[in-house]
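Going by TrEMBL, these are the annotated features:
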type     : residues                  : note
DOMAIN   : A:5-115                   : domain 'CMP/dCMP-type deaminase'
BINDING  : A:His56, A:Cys86, A:Cys89 : Zn(2+) binding site
ACT_SITE : A:Glu58                   : active site, proton donor
2 protein chains.
Amino acid sequence: MINPFTDEYFMKKALQEAEMAFEKGEIPVGALIVIDNKVIARSHNLTELLHDVTAHAEMQSITAAANYLGGKYLIGCTLYVTLEPCQMCAGALYWSQISKIVYGASDENRGFVKMGTQLHPKTTVVKGVLANEASELMKRFFVERRK
Amino acid sequence: MINPFTDEYFMKKALQEAEMAFEKGEIPVGALIVIDNKVIARSHNLTELLHDVTAHAEMQSITAAANYLGGKYLIGCTLYVTLEPCQMCAGALYWSQISKIVYGASDENRGFVKMGTQLHPKTTVVKGVLANEASELMKRFFVERRK
């Protein structure tokens, strides 16, 4: 039997979140946190609406997932995010001890890989899942914003 | 005339916040954001109470200060924090473009200096202000927790 709960399956939902950010004029990044194939948090970037640099999609999902679980550690959880996390979000993920991070497009300038931010040693990372879709959405956003 | 608004003056207030964290059983870290010698945000670590790794003192003050100012950039602001910021908080401070960071005790293990987290190029840093007071409070906390 084919498992429907692939990384692509959940990343598509994260992309839907990114599109919601796009429609609000936010840099289009969406995130999801999943445990045992169950979505326990979903969010999108709200830094403009909230006037708050900490309102990245990942940060909101970390808070929401911990709230759902009733504990601050996200062991057993997977974060799906359309864009590579920044220093701040990777730093939060470090503290959360999250088990897995799956991201779409790379952020060559301000992503945690380039910036050298450390994740928790128990965290595994998968990159490039639906990366084209995520980066097309980003490009479309910046083209429209320039108009 | 002597200016009463020294870094020590504001750091004492941040230490009061750290003591409030201590009394709640939180790792005792306190923070303050100041603009033109006016305190616009004050907070202390609430990660245990909120079950939320993102609830560091600095993160709360960044959000509160931006809310007060009605904009997400903290240009012209100074953060006072009793302990050296971590990767997450330094990453948030990077995005905020805050003008100055003053911290007390260094965090040799998980502080942003050791971790190599980048701040905004326009941010200046002063360290070691009332460092002994801050680290004594931390030591006292961990001694009591072991009992």
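Any Cβ shown, glycine's included, is placed from N, Cα and C.
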Spatial neighbours of the residue listed as 'active site, proton donor' that are distant in sequence (at least 6 apart) but have CB under 8 A:
A:Ala31, A:Ser43, A:Leu79, A:Val81, A:Pro85, A:Cys89, A:Ala92, A:Leu93
By DSSP, what is the split of the domain 'CMP/dCMP-type deaminase' (A:5-115) into helix, strand and coil residues?
44 helix, 26 strand, 41 coil
Which has the fewest other Cβ atoms within 10 Å: A:Cys86, A:Cys89, the binding-site residues listed?
A:Cys86
Taken over the domain 'CMP/dCMP-type deaminase' (A:5-115), the model's mean pLDDT:
98
Using Cβ atoms only, which residues of the same chain lie under 8 Å from A:His56 (Zn(2+) binding site) while being at least 6 residues apart in sequence?
A:Val29, A:Asn45, A:Thr47, A:Pro85, A:Cys86, A:Met88, A:Cys89
